[in-house]
There are 2 protein chains.
Amino acid sequence: MIEEKGILFILSGPSGVGKGTVRKEVFKRKTELRYSISMTTREKRPGEVDGVDYFYKTNDEFEKLIEQGKLLEYAKFVNNYYGTPKDYVLETLDRGHDVFLEIEVQGAMQVKQNFPEGVFIFLFPPSLEELKNRITNRGTEEEDVILNRLKEARNEIEMMDAYDYVVVNDDVDKAVDKIQSIIQSEHCKRERIAAQYKKLLEDELS
Amino acid sequence: MIEEKGILFILSGPSGVGKGTVRKEVFKRKTELRYSISMTTREKRPGEVDGVDYFYKTNDEFEKLIEQGKLLEYAKFVNNYYGTPKDYVLETLDRGHDVFLEIEVQGAMQVKQNFPEGVFIFLFPPSLEELKNRITNRGTEEEDVILNRLKEARNEIEMMDAYDYVVVNDDVDKAVDKIQSIIQSEHCKRERIAAQYKKLLEDELS
């Protein structure tokens, strides 16, 4: 039997590209992927469960984890920390399960530094126009906020070079098909499995 | 619009692993792949069509093509040459179509030298035992012929390191699923498409 470690897949891309929608559709389909549960210092909302929606931590606990290098990536939004716990991800991979992260571009770059063997997938907008529409339709933002977001999105697109794959989100189903293909084909990569196959053969001959 | 060149996929693996069966199943499914038509010096059999089954050449013509470097790979079996015409493959790729080759390991190594940007897929036997069964069941070969083939198969398996992907042929449908995933995910590789996506963005901004 081939015993394989899990693979860490990171889905990222500019704000407004539709990462959340694509991630939800990936998990709606039949999949053996594990979703990485984030850690946060924000208060638990009614109905949320610790270890299901988030791992809830105090500010002190979170900052200690940062110091100890226990986070694959983290960021602060509106005075609350959000991050990806390293141990949880590594243990899940060791047990042979693939882990799927959906995070912002800045966070993905941190993961790339801390875990370069991850497989990085960049979700690309079908067009800048479309991206602008999505950013605009989100809420009732002012013009200059929108322009700022668009500028940021363009900067984020420049970071595409750090990724392994680029998937256009022109159609959610097609994008998810491509992500599923990437997951399956990564498990066929020769450098991941050749050594084990050769060993299998030697065992049979001994 | 993104205009992409086609990708050359090479399916290979040890004798008896089931390359032909897998290739036929790949083409039975809905696919936009082009199958590369081989060139041969063997006589045309009744019902065969030039340019469909093979490109038929005389011995002199074939040897001239070898000299001119017009073959991606070639070999001689039972006094007849068989090979893959380079121009036909390159022109098909230039028109944006993927090309699929199913060839012996020795031929795949020649393609690797002449066209290293191809994507090389190694079909792996589910077990040596199974491989032996398949080699044995092919015909009424003598024991020493079988042992020789098995030894050769083991040598061919050692050449796995030159490949990009390894697919186990434990089940034809599953193997074909994996090959289809490899084809789709290769088209999402960042290094193939990032430059074009960035250009797309610049065009929109200009």
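The backbone N, Cα and C atoms fix where each Cβ goes, and this holds for glycine too.
Annotation source TrEMBL lists ATP binding site at B:GLY13, B:PRO14, B:SER15, B:GLY16, B:VAL17, B:GLY18, B:LYS19, B:GLY20. Counting only same-chain residues at least 6 apart in sequence, those with a Cβ under 8 Å from the Cβ of B:GLY18 (ATP binding site) are B:LEU123, B:ARG134, B:ASN169, B:VAL172.
Note on the domain 'Guanylate kinase-like' (B:6-184): mean pLDDT across this stretch is 90. The domain 'Guanylate kinase-like' feature in TrEMBL is assigned to B:6-184.
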Cβ-based neighbourhood (8 Å from the centroid) of the ATP site, residues B:GLY13, B:PRO14, B:SER15, B:GLY16, B:VAL17, B:GLY18, B:LYS19, B:GLY20 excluded: B:LEU123, B:PRO125, B:ARG134, B:ASN169
Spatial neighbours, same chain, of B:GLY13 (ATP binding site) - Cβ under 8 Å, 6+ residues apart: B:LYS19, B:VAL105, B:PHE122, B:LEU123, B:PHE124, B:PRO125, B:GLU156, B:ASN169
